[in-house]
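Student: There's a structure below that I have some questions on.
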There are 4 protein chains.
Amino acid sequence: MKGIKIVTIGGGSSYTPELVEGFIKRYDELPVRELWLVDIPEGQKKQNIVGNLARRMVKKAGVPMEIHLTLDRREALKDADFVTTQIRVGLLDAREKDEKIPLKYNVIGQETNGPGGLFKALRTIPVILDITKDMAELCPNAWLINFANPAGMVTEAVLRYGKIKKVVGLCNVPVGMQMNIAKLLEVDSSRVRIDFAGLNHMVYGLNVYLDGNNVTNKVIDMITSENPSMTMKNIADFGWEKDFIKALGIIPCPYHRYYYKTRKMVEHEIEESKKDGVRAEVVKKIEKELFELYKDEKLDIKPPQLEKRGGAYYSDAACNLINSIYNDKKDIQPVNTRNNGAIASIDDDSAVEVSCVITMEGPRPITVGDLPVYVRGLVNSIKSFERAAVEAAVSGDYSKALLAMTINPLVPSDEVAKEILDEMLQAHKKYLPKFFKE
Amino acid sequence: MKGIKIVTIGGGSSYTPELVEGFIKRYDELPVRELWLVDIPEGQKKQNIVGNLARRMVKKAGVPMEIHLTLDRREALKDADFVTTQIRVGLLDAREKDEKIPLKYNVIGQETNGPGGLFKALRTIPVILDITKDMAELCPNAWLINFANPAGMVTEAVLRYGKIKKVVGLCNVPVGMQMNIAKLLEVDSSRVRIDFAGLNHMVYGLNVYLDGNNVTNKVIDMITSENPSMTMKNIADFGWEKDFIKALGIIPCPYHRYYYKTRKMVEHEIEESKKDGVRAEVVKKIEKELFELYKDEKLDIKPPQLEKRGGAYYSDAACNLINSIYNDKKDIQPVNTRNNGAIASIDDDSAVEVSCVITMEGPRPITVGDLPVYVRGLVNSIKSFERAAVEAAVSGDYSKALLAMTINPLVPSDEVAKEILDEMLQAHKKYLPKFFKE
Amino acid sequence: MKGIKIVTIGGGSSYTPELVEGFIKRYDELPVRELWLVDIPEGQKKQNIVGNLARRMVKKAGVPMEIHLTLDRREALKDADFVTTQIRVGLLDAREKDEKIPLKYNVIGQETNGPGGLFKALRTIPVILDITKDMAELCPNAWLINFANPAGMVTEAVLRYGKIKKVVGLCNVPVGMQMNIAKLLEVDSSRVRIDFAGLNHMVYGLNVYLDGNNVTNKVIDMITSENPSMTMKNIADFGWEKDFIKALGIIPCPYHRYYYKTRKMVEHEIEESKKDGVRAEVVKKIEKELFELYKDEKLDIKPPQLEKRGGAYYSDAACNLINSIYNDKKDIQPVNTRNNGAIASIDDDSAVEVSCVITMEGPRPITVGDLPVYVRGLVNSIKSFERAAVEAAVSGDYSKALLAMTINPLVPSDEVAKEILDEMLQAHKKYLPKFFKE
Amino acid sequence: MKGIKIVTIGGGSSYTPELVEGFIKRYDELPVRELWLVDIPEGQKKQNIVGNLARRMVKKAGVPMEIHLTLDRREALKDADFVTTQIRVGLLDAREKDEKIPLKYNVIGQETNGPGGLFKALRTIPVILDITKDMAELCPNAWLINFANPAGMVTEAVLRYGKIKKVVGLCNVPVGMQMNIAKLLEVDSSRVRIDFAGLNHMVYGLNVYLDGNNVTNKVIDMITSENPSMTMKNIADFGWEKDFIKALGIIPCPYHRYYYKTRKMVEHEIEESKKDGVRAEVVKKIEKELFELYKDEKLDIKPPQLEKRGGAYYSDAACNLINSIYNDKKDIQPVNTRNNGAIASIDDDSAVEVSCVITMEGPRPITVGDLPVYVRGLVNSIKSFERAAVEAAVSGDYSKALLAMTINPLVPSDEVAKEILDEMLQAHKKYLPKFFKE
Ligand SMILES: [Mn+2]
Ligand SMILES: [Mn+2]
Ligand SMILES: [Mn+2]
Ligand SMILES: [Mn+2]
């Protein structure tokens, strides 16, 4: 018997131990026999450190999972069952630029939103599309489980331009919301179910059920009266205006702060960047410490310090998704997939983030009907932006990139858009071959 | 023979001579026998001045049009054929607040957009809905031709909550665009046709035809290469980033500057307000001068100085619409009306501004299909806002008003939204009975 | 601990032992403590026979399930968890008329299709709507699981006019298709999944998966080359024209024969009716025999002879549905529920029969996108008919009934529609109080 | 100055004098300088007769319109402004088969509906698509005005597979309905306007306006109480069941009799065919007489006998359409064009027959919203059929043809469909090269 072959592209990431732990925990029902960690030459050092830690973890756990390390993506992809992508084109240096340059213009500097999100898309999408070409050839039946951000735009790009059809985009935001709401309700998270709908990093909880009963209004009351902490490691924990949330009637995600509290978030980012540096700088430090830890030959479990890194539940989300596809679990998970009519005001062939039942045929969206009219506009604004960003990424067309930048709700003017665009194009030149063809 | 009876609510407006001139010019095909100028006690003085000018104009023209002045709306409405509304609840003082208060928060201060647009809606909608009640009783077959701003939200409100069905919202923005584009093409405007679609003050020219041939790309090239002046009296004439417009592929309206050039417009407004005061203050001066002119008993035509006031083509738009309905002209005019499927991504029962063929049954929208994906988001954002604003205006619900304010794309944060809301509610208290019930 | 209370309206039905057996089998995970069999005075004798058999079955199985018999529906409904309806207004005599009268006009005589289906709807819908009134009062949180035919129209009626929202319509057709296809593929039915979409008794299998792989084309090849028996007890087993099914590309249900083989089916029905009588007459005989068996005090299991009756898998479908709601199983079952965007060309608020994931919040439809264009017409024809039939049933309006009859695809002319309508109205007068008000 | 060049393919048709008269009448505003009558060798004799009559008509009228006769289609098309197609592939012999063969199976034998309509589509579509190829090359800016039946399916085919975009399908059914309703109301037809929506030969009048007032209910009352003659030359004048039309609430077209009175129409056709022969046979006789008349060198006007032929208003419809495009008349005409959202439940890119405002940019559909739910099914059934028929015509695929035949609402069974299909394929073999490739 062969078992499952998993290929993780960007395998040298500090998140990998999460994934390894996830596979170890689930080994009985999800027998991963081969885990291939693929990386690029610049990442080889980290790949080795993480790879060795992974091997120690596997050994300690006593499961027969082989850990393969390679720089040859095509060698790894051959006959894979699942391919996970957790790449960061340009590494944390690029993220630092994504976060810093917009701030100079008093514009949100963020990895997946605003100008930073656009550039991350421009750098990442061509690489992922290349991976789908290899997959179509080497493992045409495999699922691509993409964690690489911006996961929504990457999924949109693969749905429209990818060479494979089996793709899912994954994010830990919805599961984080579920955990926070469960905590708020003081119940185990397994008793809570939420109808998620929207886009990646712009997802709403439309209804909350506790033991099958709709408790949305109660949760909204609690959110507005108790002002609980409901955010993520990388997003400042500012509460919402109570009457606003009350009238909204549904539950925004932490990233909505960038849109509904833009001014406060920009001010906060500028302040923070002066104090501790931007998030990339913070993360660099954490990563450095993590890799020091990972080097320790005595370490054979996922170190608890990894939690600071910010990807809480990512491993669980990923392993659960793979597990549910593999075992036809039919549980309900929010993922990024082809809309197919789930949300009426978004095109059928666009990517949405929506609660799906996960079967061995992949995720099947549960119908939403339409989004409440009050959020339809913002969600469609981001989809307009995503569509323009994907076109820009695929074509390398300057005017499409300026269009994407200008229509992004976080960018306040076409002139500012152009200035930021020009500066960021230069800064990321090395990773934007489509824009700088010889 | 009885001829047409027209009732103009807000008849004391400085615009009225435009309308009178329009009816005089068209008398042969559009025989207006009675024009009733209705106003409120606070406006009686102006009403008298304007009414007398109107009478002199009619006399000079030699047409048998009776000018009636009254403060009794119900008396006037009896058996009307067309009711035009050009009211300004709270007069220019209220507009001044709409323009000034948001600026304190570095937010666009504008009559029909952003917080100012919201408050103009909150003040105006209940009054217009009251008028529809009277109309349902006194002239159930009359058409309501609404010029009162914000015309889009007023139309939305009448479609959802009005007691009559025959309503059209009117704006001079599209006709202004047509004039500007004709000038750019150096042709007579009658040879140019534009497919207009969107919302009031957020309308796009999707296609431009010259003598039946699609010249959209040519016009976009000219706009991006010649940077022509294409704006209105009340909107700063900043050009567009060329590559942005090129990629957009359609023609925005002057008001789009508030959305695509927000930062520049706020800065400009703040500067202007320090120099000449906000637009309301400028207009007050113009109005004062106009009414001085109007008083002159020798004046018996529309004085040329009226053009400075800013309502270019309003009279033509209004008279043309009435004429086309009355005479079943079947020409194509952009008006605010029930969508009915014209724009796919907007609800059938919402108001849109779209090219319609004007028949004796009223305006019939021409199908658009859907808006280009790159503008679908922004247009739907404004529709989300408009829907919330209408709910707030009808209910007087504070949280709905905060929702509307927060989701408006020009308002940068829920906290800022709340601060502006609270200050403006106090400032406009007198005209917001729904929000300040005893 | 209280356990589950189930109320079965029409509890004297010969199907009840199926249900009882289903609950007994699942007792461990689905602890039904009270089963109330409700019937009307005309059915009391059968109710007693079935009730006593049920008690013997429960006793034999050794489960603590109480069997209650009552003629007082309201007494039974109090605090119910699930209400199942399996009523037959007018009993088999009415069905006999539904089947015989249309045949006189050379029109399909069938219980749920054509004129018979219309009259079954006219008789049944008012009774079910009455039940929902009682439920809203006595057990507002209970689920209504309706087996009463025509299940699609009954669900449509409850969704539009019912006093409760928790309703599911149930049919054994899809599960039968799955069994037949599994048999065809020679695999266990648990390995087969089918995307079902359409309406009740007009449902298609859009995709067939075997172990997660799409084998639709293979199944269609097998159907066209092997011409397997794929029908139900009450539908003549005529094969399809191969090229027709090949071009259709999806799998019709047994009832589609009435639409795609209308002439053949009418001829066959006429022939059969001369030989063995219509189906109601056959069933009457079977029922009589069954009740003789049920009387046997030694019988304490479901007698195997029940299978001839035609409701294969009904019990399984019903018990599985209740079990999945109760235990939040999240398995995928095809049921009749609110469309909510699952099928694009059908209104959101109409009933459809579609694969749903069954949760403790009820069935959640999985998105279909749209039906293939070649079947969109027929499915919408039936929905047009169903909508007219529901309006007729609720209003008792003669012209609405004639409209429904005329637009039914099985009725060949408005004159014939009127003749059949008039004859059937008289025949069923007793059960159509809305049409014969004093 | 050059004037307008019109090319009429199938110019030898007996209808041509209608067209010539239409152009003569409108010469002042629509200066047709060249009219090219194109035909095939088999039609040359008739072409000469009609051509000579046309020349005499032109001479008599004293207009400088040149009549050109040619068998060389490409020569004629060069630089055309409008191309009209009135071809009949296989001539009246083919029509006779379309009408006779289905009758053998007790199925409607009709030129544009049922099996006859399918075969007319299979013969005609490839020829029209070839014409669009020539047009794309020789007169890319010309409008194709197609009268060739089945006009709906031909338009659908050109929209999906044609090499040009400027196509309109034309039918005289709606204008006939308008005339009949005006007669019923005893008013001049110019005072009546009807919102037409549906498909070709399946169009409904949704609203009727008299002088701008909605009189639909009044018209329906008159139709149901007076049972007026409202049909066309080729369709038996059977009245509707009153309660059916009352509940329908909109006005069906004469062809709807084939669907709502199928049985009666089949019986009538069989009877007629025994008496006077099928319609093709009647027409053949009329045509023969007409051509005898046309030959008369003294005839220099359109002979009144042409009216018997059945194409009443065709010439007016065609000339009005061309005139309105040429002169940007912006009047409202019902034509077959791309839906583009006019009817919600039909795909945007499908052909519909709908009221359009006719501009120099072509017909622009007026929004309908959606069809009333009670007719949505039938209309979509025909669209399903049309889509299958177009696919069959373009591909020559037997199974697609069987699919189209089976799903046609007039064909009662897949077996019958196959029998008719097989017999008709053989009968029309000569004109179906796609189905009989060597
Ligand atoms: Mn994420
Ligand atoms: Mn305006
Ligand atoms: Mn059933
Ligand atoms: Mn026709």
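Heads up, the Cβ atoms here are built off N, Cα and C, so glycines get one too.
Feature annotation from TrEMBL assigns substrate binding site to A:ARG95, A:ASN149. The Mn(2+) binding site annotation in TrEMBL covers A:CYS171, A:HIS201. The domain 'Glycosyl hydrolase family 4 C-terminal' annotation in TrEMBL covers A:196-411. The feature site 'Increases basicity of active site Tyr' is assigned by TrEMBL to A:GLU111.
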Student: For A:ARG95 (substrate binding site), what is the secondary structure by DSSP, using just helix, strand and coil?
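Tutor: SS state of A:ARG95 (substrate binding site) = helix.
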Student: By a simple count, how many Cβ atoms lie within 10 Å of the Cβ of A:HIS201 (Mn(2+) binding site), its own Cβ left out?
Tutor: 26
Student: Over the domain 'Glycosyl hydrolase family 4 C-terminal' (A:196-411), what does the predicted model average in pLDDT?
Tutor: 93
Student: Please give me the recorded positions out of A:GLU111, A:CYS171, A:HIS201 that lie within 10 Å of A:ARG95 (substrate binding site), comparing Cα atoms only.
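Tutor: Candidates kept after distance check: A:GLU111.
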Student: When DSSP states are folded down to helix, strand and coil, where does A:HIS201 (Mn(2+) binding site) land?
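Tutor: In three-state terms, A:HIS201 (Mn(2+) binding site) counts as coil.
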Student: Enumerate in sequence order the recorded positions A:ARG95, A:GLU111, A:CYS171 whose Cβ-atom distance to ligand 1 is under 6 angstroms.
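Tutor: From A:ARG95, A:GLU111, A:CYS171, counting a Cβ under 6 Å from ligand 1 as near, the near ones are A:CYS171.
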Student: Going along the chain, which residues six or more apart from A:CYS171 (Mn(2+) binding site) have their CB under 8 A from its CB?
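Tutor: Within the chain, A:CYS171 (Mn(2+) binding site) has Cβ neighbours under 8 Å at A:PHE147, A:ALA151, A:ASN200, A:HIS201, A:VAL203, A:ALA317, A:ASN336, A:GLU353.
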Student: In three-state terms from DSSP, label A:ASN149 (substrate binding site) for me.
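Tutor: DSSP call for A:ASN149 (substrate binding site): coil, neither helix nor strand.
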Student: For A:GLU111 (site 'Increases basicity of active site Tyr'), what is the tally of other C-beta atoms lying within 10 angstroms of its C-beta?
Tutor: 22
Student: Just how many other Cβ atoms lie inside 10 Å of the Cβ on A:ARG95 (substrate binding site)?
Tutor: 24
Student: Provide, as an integer number of angstrom, the distance between the C-alpha atoms of A:GLU111 (site 'Increases basicity of active site Tyr') and A:ASN149 (substrate binding site).
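Tutor: One finds 8 Å between the Cα atoms of these residues.
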Student: Applying a 10 Å Cβ distance cut-off over all chains shown, what neighbour count does A:ASN149 (substrate binding site) have?
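Tutor: By my count, 23.
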